[in-house]
Amino acid sequence: MILSDKTIIELLNNGELQIDPIDQEQIQPASVDIRLGNHFLKLDENKIEAMTMTDEIKYISFECNEVIIPPNSFLLATTKEYIKLPKNLTAFVEGRSSIGRMGLFIQNAGWVDPGFEGEITLELFNANRLPIKLEAGRRICQLVFASMDQEASNPYSGKYQGQRSSTGSRIFLDIDK
């Protein structure tokens with residue numbers, strides 16, 4: 001079940017759901033607007049011939065309050081907010097329609113597991129033929145919360161738990177059989 005603004009406020013007030021910092025204006029009828037942070041990662045194309053799932057990917061890390069994403073370019077960004085989900089709540093990350101209409105696609109694999117805590121790394125892609133300028137602190141995406149039928153028996157505790165900035169792919173740490 002998707003949570004309403006009333007339930008979101010209730011969970012924030014009793015501490016079950018934590019979003020820091022948060023302003024009342026961010027709470028929408030069935031979501032919470034999330035703002036762009038000021039930490040970014042871009043692929044270090046000079047250090048990589050081809051990306052693989054078994055080798056660590058090299059990134060260039062930088063902080064700024066304004067960033068320009070060139071046409072047809074990819075950038076990792078972080079949220080301003082630190083999120084902490086309880087064991088019985090999951091969240092979907094959705095790009096804001098107004099941002100999508102500019103040609104900016106926002107992803108994060110679309111899903112935040114119960115028990116996750118940290119800043120959310122956003123995958124930004126400029127599908128436009130013009131550069132897009134973004135400002136830290138501006139609303140860029142939404143979190144839509146859904147309650148689960150019961151608490152997760154194994155809440156999230158993976159390789160991105162507790163992240164405090166944009167975090168590059170850690171797929172090389174996966175142990176696939």
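The backbone N, Cα and C atoms fix where each Cβ goes, and this holds for glycine too.
Source: prediction; values computed, not measured.
According to TrEMBL, the residue from D113, D149 that belongs to the dCTP site alongside R96, S97, S98, I99, G100, R101, T121, L122, E123, Q142, Y156, K159, Q163 is D113. Here the binding residues for dCTP are R96, S97, S98, I99, G100, R101, D113, T121, L122, E123, Q142, Y156, K159, Q163. Their largest Cα to Cα distance works out to 33 Å. The Cβ of D113 (dCTP binding site) lies under 8 Å from the Cβ of L85, T90, A152, P155, Y156, G158, each of which sits 6+ residues away along the same chain. W111 (site 'Important for bifunctional activity') falls within a strand when secondary structure is assigned with DSSP.
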